[in-house]
Amino acid sequence: MSLLMFTQLLLCGFLYVRVDGSRLRQEDFPPRIVEHPSDVIVSKGEPTTLNCKAEGRPTPTIEWYKDGERVETDKDDPRSHRMLLPSGSLFFLRIVHGRRSKPDEGSYVCVARNYLGEAVSRNASLEVALLRDDFRQNPTDVVVAAGEPAILECQPPRGHPEPTIYWKKDKVRIDDKEERISIRGGKLMISNTRKSDAGMYTCVGTNMVGERDSDPAELTVFERPTFLRRPINQVVLEEEAVEFRCQVQGDPQPTVRWKKDDADLPRGRYDIKDDYTLRIKKTMSTDEGTYMCIAENRVGKMEASATLTVRAPPQFVVRPRDQIVAQGRTVTFPCETKGNPQPAVFWQKEGSQNLLFPNQPQQPNSRCSVSPTGDLTITNIQRSDAGYYICQALTVAGSILAKAQLEVTDVLTDRPPPIILQGPANQTLAVDGTALLKCKATGDPLPVISWLKEGFTFPGRDPRATIQEQGTLQIKNLRISDTGTYTCVATSSSGETSWSAVLDVTESGATISKNYDLSDLPGPPSKPQVTDVTKNSVTLSWQPGTPGTLPASAYIIEAFSQSVSNSWQTVANHVKTTLYTVRGLRPNTIYLFMVRAINPQGLSDPSPMSDPVRTQDISPPAQGVDHRQVQKELGDVLVRLHNPVVLTPTTVQVTWTVDRQPQFIQGYRVMYRQTSGLQATSSWQNLDAKVPTERSAVLVNLKKGVTYEIKVRPYFNEFQGMDSESKTVRTTEEAPSAPPQSVTVLTVGSYNSTSISVSWDPPPPDHQNGIIQEYKIWCLGNETRFHINKTVDAAIRSVIIGGLFPGIQYRVEVAASTSAGVGVKSEPQPIIIGRRNEVVITENNNSITEQITDVVKQPAFIAGIGGACWVILMGFSIWLYWRRKKRKGLSNYAVTFQRGDGGLMSNGSRPGLLNAGDPSYPWLADSWPATSLPVNNSNSGPNEIGNFGRGDVLPPVPGQGDKTATMLSDGAIYSSIDFTTKTSYNSSSQITQATPYATTQILHSNSIHELAVDLPDPQWKSSIQQKTDLMGFGYSLPDQNKGNNGGKGGKKKKNKNSSKPQKNNGSTWANVPLPPPPVQPLPGTELEHYAVEQQENGYDSDSWCPPLPVQTYLHQGLEDELEEDDDRVPTPPVRGVASSPAISFGQQSTATLTPSPREEMQPMLQAHLDELTRAYQFDIAKQTWHIQSNNQPPQPPVPPLGYVSGALISDLETDVADDDADDEEEALEIPRPLRALDQTPGSSMDNLDSSVTGKAFTSSQRPRPTSPFSTDSNTSAALSQSQRPRPTKKHKGGRMDQQPALPHRREGMTDEEALVPYSKPSFPSPGGHSSSGTASSKGSTGPRKTEVLRAGHQRNASDLLDIGYMGSNSQGQFTGEL
């Protein structure tokens, strides 16, 4: 038991120890290096420390390793000079280092260990400092000239670390802060050395070991030679003595020697004295040259030269020659001279005063320059450059000159065909070999190389043959079939050149001739020079080229001329010499030449092309002009130029006189150029006066306000004489014709600034028209009190304008000003400165509203409007007074019409049918009210006829039968005629064809309601009816003095004694045939003449007008009125038996009541009026009316059908606008009679014998309204032009219903308005013909062709509006039924 307990206790204790030990070891951690050793450099024998610190649990142990081996420390060996410090650092008491043994130098690491692991530090090197004694490079002595830089260089001894360097001068350290001294590496640099810089210099190398001094070096500073007295240029005559002095100084003393033209002086002729003076006893021309005194010492050399000039007459070394150059090219005329002194060479174009000198600064626009040697070069040749150029050489000993001609040709003239430099050579090659046929060409433009074989294009599609980049033809795998002649063709826009060679392909083993080597060929000859030119020959000379393997044995000369061929031609073969004359050339032809050399190996490359040369021309035998004589005489001509006269700002007249007139003068050349307003003087412009006796010319198209230089020169062919003296003239100025450019407006200043900056550029130079003197700036507000104007000098291009008001729109304009005035203003630049300096640049184009507002606010506009209103008011008052006064005399008279067997009886000189809208009827103008109000509850559309003129009447509106409207103006009394019992007017026995009558008035739809009557008896009779009598026949005459109650909104408007009744909404009207005018003319009438006159005058009425009613007018003083209006009413023409169908429907009716101006026609008028009255009273009793009522209360009938009176010319001119305006404000209310009945006529006017009947409909049976007019075969086709088709619906009888046309009153016709068709009523005439009505419209001035419409039309009851319809049956009896 006890043993068991002991065992248990022992086990528990063991477990406790294990558990407790595990808890303690959990706090241990492996070592970690917290401080690593660093590299160190230390001197030999000096102490040093390598630091290392580590942490860990348990505390780690530290060991050191050098180059991988453990370091022995004092712990290992107490005598060791290395000690391991408690912190772990390794301390060296001294560094041991020797040549062979280096125990301390190496790479060290420290290692920290415990039972959990180890940590290794970074490597740290320990190096031993070293500095050797010997310099790798010691400085050397330096000798420099004063002012030059000096450089001393050394390399310090080897050491570690690398030693640094500094310098000592005379054992004193040099301060390198001085600007002239700099030390870079081992170099000491002293710039701009001085004498004081001379001395002994030592280089010192140092590092942590110590210092080492180099061997000393000496810096020596010398002085270059300088001249105390220089030789000077001298000019002497031949045989004179001359001396050149030369005195110098320097350190060391320099030596002096002389040279002439960079060569030593020849002995014998020159003496040099002790003071180095050069003396020439007797000068000759060969002594001329440059003599140089040379002073030299150790540090430098100085030279001074002087020129000796020996005077002698000038001579030409190279003379200028004639040249031919294409436009746009460059030409050079050589002119080399010699002389003593050297001649001054200058050039001049013959006839020009401008001289060109060598080394002269070239003008910006000049294309000519002269080289120092005297060569004249002209670039970009122009046609105007052609002429003679003179080279002149001038010295004190004399002068010489030479002349050469420049001929300018077309561009292609100087562009020869391509040149083949090397062409293919004859070759013999074996089968399966490779052939190379060379072809190298050049030219301008670069030519294209192509090949031909036996004249055909090659290689084609053969893959064995290719053309290489340089044009060489290569053929691989040769075959026997490749044998042939191959031609190389070089082609460009200037022509083509070809070169042929033979290729012979043989079997293997045959003799093979290889291609030549270029090195075996001779070199190209030099450029051929032209030595002589005749009419048909040119002599050339050249120099041989470099010889090849074999020298050249002969030469070939090739030539080209644009006028002869387009390729190079061989003109000479096997030429043995280098001088040859080419013959057989054309006269006056330009040629180019080139030469090739020949040797047994082949041809050389061509020589450079010769200059273009023109053969001489064949002078006309009769001319025999001696050029020298011509030039001499032209040189003697003296032209005196007068002061030019300015004619206009762009024209100047030039006049001159000539002292004597020589034989050889063809004319005078006026030369002028602009000299002001340009940076450089412009070129001369020419105006030739080709008449020798001419002494004046006018220069045109000149610039305004510009100064011109003018001179005059005589000429004869290409020869030109001396210029006159130059005169200057200034054209007059004008105001600038263009505004300143690039006008910009910007704001300037601070946040709340009210200033703007305006900048601009001058107007274009061509539009300045003079010298700009100032600029004017306008800053215009919307009111004059805001305007700000400024004027600035012409040199100013911007200005600041202040004091602008915020919120005001300003327009900124700028204009330039010359002495002639202010020019065109710039476009306005709108700108608005906001309340918070918000600048708003508005668009340039103001809105129409703003523009109108600006105009309306102008005082002139307001005054003009006020004056115009006053004039209109006064005119209206005068017209109103005259009109009322005149109406009082028109209200008590009547005119009646009657028709007898012979036709309509009128006043003896007028047909009975009148046009109410024609100004020829002055007393009828106010008889008819006008309306344009639409129909209530009716279908309307945009295509309805809506143009109603004076005399139009709308029907009454249903439901308003208790109201009546005034239908007539005061003074108009209407009566009607019954034609029911009369015989037919449309009998087939009497008429076979209807013809239009030029003066028949078309009845407008609304006019039927004014007088609704049946067609009358052939015998028209008149009767003065009272209103009560007419009421029995269903007529309603308006009360002329009764006011109208109507209008818009139920408002009442007074209408006292007014001819303008109020308007009322009405329906469209039916159309009823009307009685025609007489076919036979009345005695004394001239209807035909009148019709033609109306066509010629293109008469046009103001609006649509209804026909004149058959009615009577009471008129007093008719004859006076007729005389008063005689001048305004044309006399009707004489009418023939039948009207011509060609009469246009577009012509207005010419029927009027105006009598003939002849006094004898007035009694006849009164007789006709009486007859009409009696006939009418007789026929009234025979009228029969059948009225059907639908239990409706009796309604007053509409006014009778008839003809509408014309208007006075004065009324038409003054009343129309006023009446129209009033009509638009008033509505006419008209009672609607017989509302239960409507008429639907059937019309078939293709057959004039057919009947025209009416059929009654009740209001409940009314069909859709139809067109306001019935159309027949003679109706104008204008309806189809003025109205678009509307949907139709078929009814019984096959008639078509159409939508009603709503009338609208318009102020003027538009392009959409056309003629209103109307069925022509046909009436019997003694001649068996009938007259047809015509349709007319406003704006119709010419004849219109008619179109037959073969269709019956059903008329809506609303169109007829209970009117008694008039028709005719087959027997010709007219019937009416209500």
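Here the Cβ of each residue, glycine as well, is placed from N, Cα and C on the backbone.
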Practice prompt. Run through Asn752, Asn1065, Asn1356 and tell me the one Swiss-Prot describes as N-linked glycosylation site.
Written response: Asn752
Worksheet entry | Swiss-Prot annotation, disulfide partner among Cys293, Cys335 for Cys246 | Cys293
Worksheet item: Of the candidates Cys52, Cys203, which does Swiss-Prot name as forming a disulfide with Cys110?
Response: Cys52
Worksheet, complete the sentence: N-linked glycosylation site, as annotated by Swiss-Prot among Asn845, Asn907, is found at Asn845
Response to the item:
Of Asn789, Asn1274, the residue that Swiss-Prot annotates as N-linked glycosylation site is Asn789
Worksheet item: Taking Cα atoms as reference points, which of the glycosylation sites Asn123, Asn426, Asn752 is nearest to Asn782 (N-linked glycosylation site)?
Response: Asn752
Worksheet item: 10 Å Cβ neighbour count around Asn782 (N-linked glycosylation site)?
Response: 15
Practice prompt. Rank the glycosylation sites Asn123, Asn426, Asn752 by the number of other Cβ atoms within 10 Å of each Cβ, and give the residue at the low end.
Written response: Asn752
Worksheet item: What is the separation, in Å, between the Cα atoms of Asn789 (N-linked glycosylation site) and Asn123 (N-linked glycosylation site)?
Response: 89
Response to the item:
One should report the C-alpha separation between Asn752 (N-linked glycosylation site) and Asn123 (N-linked glycosylation site), rounded to whole angstrom, as 74
Practice prompt. For Asn789 (N-linked glycosylation site), name the DSSP secondary structure in the helix/strand/coil scheme.
Written response: strand
Worksheet item: When the domain 'Fibronectin type-III 2' (637-735) is classified with DSSP, how many of its residues are helical, how many are strand and how many are coil?
Response: 0 helix, 48 strand, 51 coil
Discussion item. Roughly how many Å lie between the Cα atoms of Asn426 (N-linked glycosylation site) and Asn123 (N-linked glycosylation site), rounded to a whole value?
Written reply: 84
Item to complete: Let me know the DSSP-derived helix, strand or coil state of Asn426 (N-linked glycosylation site), please.
Response: coil
Practice prompt. Count the Cβ atoms, other than its own, that fall within 10 Å of the Cβ of Asn789 (N-linked glycosylation site), considering every protein chain shown.
Written response: 11
Discussion item. Treating G and I as helix alongside H, and B as strand alongside E, what does DSSP give for the domain 'Ig-like C2-type 1' (31-127) in helix, strand and coil?
Written reply: 0 helix, 47 strand, 50 coil
Discussion item. If you average per-residue pLDDT over the domain 'Ig-like C2-type 1' (31-127), what number do you get?
Written reply: 90
